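For reference, Swiss-Prot lists these features for the protein:
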BINDING   40-48, 207-213, 238-241  GTP binding site
COMPBIAS  760-801  compositional bias 'Pro residues'
COMPBIAS  811-830  compositional bias 'Pro residues'
DOMAIN    30-296  domain 'Dynamin-type G'
DOMAIN    519-624  domain 'PH'
DOMAIN    653-744  domain 'GED'
REGION    40-47  region 'G1 motif'
REGION    138-141  region 'G3 motif'
REGION    207-210  region 'G4 motif'
REGION    237-240  region 'G5 motif'
REGION    743-830  region 'Disordered'
């Protein structure tokens with residue numbers, strides 16, 4: 001280790017300490033820490049590679065999925081040999097069989113004993129004089145078939161877990177593949193290629209080289225000539241199952257691995273660049289350089305995270321949950337803010353707070369007053385036939401046995417009072433709708449106090465209870481308004497038509513229908529949802545005018561599809577299909593004739609119920625009224641009554657009809673005007689005044705204000721989590737600041753390139769050996785240091801040399817020469 005730059009070697013422990021800073025504080029790392037993730041299929045040899053690094057058997061083994069949680073393995077060079085788990089900090093494991101047992105127990109504690117998996121990692125630190133500083137993440141092996149209680153999508157779950165690690169640009173990928181399988185079908189390389197298509201972050205590891213079929217070898221792969229990776233491949237030979245069962249010593253296995261490569265004719269020329277020891281050195285160097293490159297970005301990310309949290313942390317820094325003064329101040333602030341939020345919701349928001357997605361608060365109440373309430377009133381009107389029949393009965397019953405010569409005004413009063421009484425139901429329904437909407441506003445504004453759930457619940461209870469009291473008062477007052485209209489029939493009203501004008505209209509047969517002119521009432525998107533009309537629901541642009549309904553392909557209104565005259569058209573609600581989110585209504589002719597081609601009704605709908613109500617209110621303005629539910633009567637009796645009316649009675653019926661229509665317009669106009677005013681004054685405004693003047697007093701009357709200001713467990717956890725994250729970031733920045741920044745300023749060694757270039761000018765450039773003869777086999781490498789010896793690690797090999805042809809020896813970390821000049825076996829400085 002004397003040839004290594006100690007400042008650079010400190011980088012791996014720095015990242016380990018940063019990782020621990022987050023883990024110890026119970027905070028997940030939301031930053032992309034530099035690391036190496038070990039990826040491979042089941043039985044690819046991942047565990048054996050890691051055990052060879054440590055020199056001990058310490059990982060669980062068995063059939064199926066053995067690694068069921070990510071294992072963050074931190075190898076730390078130390079004179080003593082022991083292991084330590086982060087979840088058992090301070091407890092040293094010197095028996096590595098106990099380490100294996102602890103991994104199994106900790107895995108089962110989270111995932112259960114039936115092969116379940118979890119993304120929550122286990123942190124294990126191994127101290128040993130036989131390891132280089134290195135951090136790896138052992139991930140579950142890729143599998144195809146679920147076992148035990150594993151879900152059917154276990155393959156996708158493992159794949160997603162692996163991708164969460166290797167998707168990060170700061171993560172190097174150690175792709176472990178058995179050499180006795182087809183590399184083209186390697187799960188590890190395939191997954192690595194998805195996230196690293198250029199092979200810049202992937203290091204290939206070939207295992208089971210000793211198990212390849214006779215006459216085959218992996219020379220071209222190890223020389224990076226097939227499936228090239230910028231960081232190349234390293235071959236290793238692990239213990240077989242027989243060796244593991246026989247408890248073969250790992251040191252003996254490493255010696256056997258070395259002998260295998262030296263003696264094998266296909267690998268002996270590159271034996272110095274194969275094996276577990278070389279792989280460990282390579283990973284140490286590449287991870288060190290990788291950390292060096294990413295550390296400034298990590299520092300910036302930590303600083304940004306801290307700056308984003310500073311405002312909230314400053315609020316929490318001196319936080320005392322049981323301080324009475326703080327509780328009183330918080331209570332006053334919460335109530336004041338609640339009142340302001342209610343007022344803003346009802347009266348309207350500022351430009352900064354206005355919602356652009358949907359109507360809310362006061363806007364919804366406004367729509368109830370001016371769209372929904374008029375629609376409910378019109379729904380209560382009876383149709384012409386029903387009204388004329390009632391007028392006829394009233395006139396006959398008033399005349400009795402006598403033959404009436406004049407139109408009786410008592411018939412007008414009886415019919416008008418019946419119609420006025422019917423206005424009470426929609427008026428009270430308007431109150432219910434507004435109260436429900438106001439309750440929603442109160443609930444939404446109270447949700448801002450979720451930090452104090454008892455205060456929120458108590459405040460909401462007090463305000464809603466008061467609002468319900470005001471609701472009853474409002475309903476009584478609205479009932480009185482209707483009673484006022486019933487108490488006195490003001491036939492001298494300036495807008496009332498009078499008997500003389502009514503009789504004139506009756507004699508002329510004029511229609512009482514108001515002429516709106518050919519004006520546009522509403523435009524918007526609706527779906528034509530007749531199943532047989534179009535295939536599925538299709539949105540069209542509809543334009544409603546006072547006498548017709550047209551629809552177009554789009555809102556440019558260039559391509560008109562159809563225009564439907566509204567004369568005689570009725571409207572009815574229809575239910576949507578099963579699991580349908582569409583609200584629908586239909587247009588039809590009461591006499592049953594087709595409304596469009598062969599279809600007797602036109603079904604229109606959209607997903608928003610409020611939009612449907614607005615459309616139905618617009619149709620009312622155009623004179624399209626809802627379908628009435630009539631009692632079934634005997635047709636013969638109805639025909640007899642219809643044919644028995646004489647011309648004089650018919651004129652009297654028409655006169656009363658015109659009088660009732662004129663008077664009801666006056667009353668309806670009054671009701672439409674007074675009911676919203678009564679609701680606003682008696683409910684909305686009075687509730688607002690109550691909250692400003694009396695709400696705080698009612699809260700103090702509840703008794704224990706300390707209990708009201710008890711913080712929710714969720715909020716406490718949120719605060720603690722933020723403080724943990726803040727302190728973890730602060731600690732991580734402190735750790736990073738200890739790194740010698742001049743070391744970080746050095747130029748890192750170059751990545752492997754696809755061609756060979758001699759070193760730049762220097763005191764002693766490295767000579768380029770002659771390329772191997774085409775198709776021939778290179779002679780065995782001479783001893784290290786002799787003529788023709790391979791360049792030391794960190795120097796580029798010739799194209800024909802092992803690891804050449806697009807590869808390179810793994811780069812060394814930069815060094816500073818000591819007083820005596822460059823260390824041995826190192827290239828002179830550039």
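Note: Cβ is positioned from N, Cα and C throughout, glycine not excepted.
What's the neighbourhood like for each of these?
For residue 43 (GTP binding site), the same-chain residues lying six or more positions away in sequence with a CB closer than 8 A to its CB are 141, 178.
Long-range Cβ contacts of the region 'G1 motif' (40-47) within its own chain (Cβ-Cβ under 8 Å, at least 6 residues beyond either end) map to 59, 61, 64-67, 138, 141-143, 175-178, 186-188, 207-208, 236, 238.
Among residues of the same chain six or more beyond the region 'G3 motif' (138-141), those with a C-beta under 8 A of the stretch's C-beta atoms are 37-44, 46-47, 50, 59, 65-71, 73, 117, 158, 161-162, 165.
Taken as a whole, the region 'G4 motif' (207-210) shows an average pLDDT of 88 in this prediction.
Each residue in the region 'G5 motif' (237-240) gets a DSSP state, and the totals come to 0 helix, 0 strand, 4 coil.
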Around the C-beta of residue 210 (GTP binding site), how many further C-beta atoms are within 10 angstroms, looking at every protein chain?
17
Looking only at DSSP and grouping its letters into three states, which state does residue 40 (GTP binding site) belong to?
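DSSP call for residue 40 (GTP binding site): strand.
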Within its own chain, what residues at least 6 apart in sequence put their Cβ under 8 Å from the Cβ of residue 240 (GTP binding site), listed in sequence order?
211
Using a Cβ cut-off under 8 Å and a sequence separation of 6 or more, which residues in the same chain sit near residue 207 (GTP binding site)?
44, 45, 48, 49, 176, 177, 178, 179, 235, 236, 237, 238
With every protein chain in view, what's the tally of Cβ atoms within 10 Å of the Cβ of residue 46 (GTP binding site), excluding that atom itself?
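Its Cβ has 27 other Cβ atoms within 10 Å.
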Taking DSSP as the reference, which of helix, strand or coil describes residue 46 (GTP binding site)?
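In three-state terms, residue 46 (GTP binding site) counts as helix.
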According to DSSP, which kind of secondary structure is residue 210 (GTP binding site) found in, if we only use helix, strand and coil?
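Its secondary structure by DSSP: helix.
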Taking the Cβ of residue 40 (GTP binding site) as the centre, count every other Cβ atom within 10 Å, in any protein chain shown.
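The answer is 28.
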Just to be sure I understand the packing, how many Cβ atoms besides its own are within 10 Å of the Cβ of residue 213 (GTP binding site)?
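The Cβ of residue 213 (GTP binding site) has 7 Cβ neighbours within 10 Å.
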